[in-house]
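If you look up TrEMBL, you'll see Glu328 marked as active site, proton donor/acceptor. What TrEMBL lists as domain 'Peptidase M14' is 50-364. According to TrEMBL, the feature domain 'ShKT' maps to 540-576.
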Amino acid sequence: MTRTAKQHNTLFESFFARLKDDPILDEEADNSEESLRKISNLKVKYRFGDYGSYRDMLKYMRTIEFYYPQITKLVRIGESHEGAPIEGLKIGYPISDNNKRAFWIDANIHAREWASSHTALYFINQLVSGFEVDPVITRYVRSINIYIFPCLNPDGYEYTRSKPNPQVRLWRKNRSPQKCIRSSWGGRRCCAGVDLNRNFDFHWAEVGSSENPCSYLYQGESAFSEPETRAVRDFLLSPEMRGKLDGFITLHTYAQLWIHPYSHEVESFPDNYAQLKRTAKRAVNRLKRVYGTQYRIGTGADILAPASGGSDDWAKNTLGVKFVYLVELRPQLELLNGFILNKNELIPTAVETWEGVRTVIDDAIRANELLNVKSITNESLSILGQFIKHKISRKIQQTDGISRTLAGIKITPELPNIDDNMRSRSINNSIVYFQNGTNTLVQSNNLTNKINNFIESINNQNNSLITNAVKPFQIIHSNHKAIITNQLKLLNQTHRITSPIIFHSKSSSLSSSSSSSSSSSTTINHFSNSTHRQFLNSNCKDIRNSCKFWLQINPNICMEQYKMMKMQCMRTCEYCIYLK
């Protein structure tokens, strides 16, 4: 072979070698010190600055389960068309408790959306590493079970990694067997794969999907025709999950969108639309504070285009999940070829998204706590009805420091006709109780036990109407006065219900007489409005002369306009504690 021929061969070999190069997978991983500081330390390591294979994901989750069995458990919900296991991680404490409420996060249902699975794996890292270290994370893990499935489409994901060819790299569907159709020119055309996010049974085969197997929006031959979607359906409808799911987040790329149901048609919203939008706004604002990334909020139909058969809409409609979102990660929609992020954006994307997702988890846990309050049994209402006369308005102090009224959380029990003169009341910063002054009620051990058991049940449900106390009150009768003995100091927790329950009455006020400093008992005396008294809070006064007039016009104004009335009419609305 001549020298010239050898040179030509070398050039050809170099050319074909470059064709096999992968500009994404061969790109240097992000191992910068700034990025790595965002990763909490675990015994198990994962290359968060790089793209990993599905095998890497499985190894990571299985190793976490090995080292942290007390809070993690590997969950296999099925297999893909090609036999790959569809696995995720359950995170909760104790891990054996399947009676807790649940939160679901999945990713990579579309094969080419690599950053989504990477982000889900980061969530796992933060939850496991934060347990018993970060009090907020610890609360998550103790309160609910969180299920994270980083890749629902393992066949498609691995296929996109096999070649840098755009037709392979940007593959969207799963790898179901080919189906053939007659082409427009008379021949036959055969194509593989189903768009898994058009295969769920919610307005299946309608707008935004296709019956053409060669379309990247192909909906499949029927709803849940694919093993991957059936695996999700069967698990979420299983006894372990059915009726327990409070949150459902599915991660996608790209466009920087925080999407809530419904997306099958424009201007179609679920019943809790206002709540979904409010939580989404807080989530994207919290996300933005990290790196300044801006997200848009809305339904997929309103801010993108209508699409039917999606997992998020199915979860909302069929499962009745309260908080459901489809999150389109970086980059923004206007950028081309955003499905495969540069590696130096992987960790920042995961970090900022985690902040938004934490907001949803916070609200899901809080909503369930309030639901527990709302679903007080009739027996408990009957018991408390002997003490509570007026409507109850609960307010919540959220983690951002802002109090908000909880619409619809009002309880008006059927009450026996007991004269106000027979009632005494006690109050502390977390809970208000009414004590009837009759010997029969106060001295009844059965009633005392029922009330204490009711209080304890609230504690066991992680509800902070009363915080960190077990059987905190004993009811004692002495000289025809109700005495409340506080056994444990109540702790204020800003992420739970800390504002007092507010009672409204035009005929009476709240009063308590001070006890000696050596005693933990407080004697409660009834008083009339004519009794001279001193405010515990010197600022407890009305600053408007019209407060009483407002109350006469609308007896519920103190409850309905709490924020304004607390500022203007603190005394009239009885927001103060009095000392005789």
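Each Cβ is built from the backbone N, Cα and C atoms, and glycine gets one as well.
Keep in mind that TrEMBL annotations are predicted by a computer and have not been checked by a curator.
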Item to complete: Could you give me the DSSP helix, strand and coil counts for the domain 'ShKT' (540-576)?
Response: 18 helix, 2 strand, 17 coil
Response to the item:
Same-chain residues at least 6 apart in sequence with Cβ under 8 Å of the Cβ of the residue listed as 'active site, proton donor/acceptor', in sequence order, are His252, Thr253, Tyr254, Ala255, Gln256, Leu257, Trp258, Ile259
Worksheet item: Where does the mean pLDDT land for the domain 'ShKT' (540-576)?
Response: 78
Discussion item. In the three-state scheme derived from DSSP, which category covers Glu328 (active site, proton donor/acceptor)?
Written reply: strand
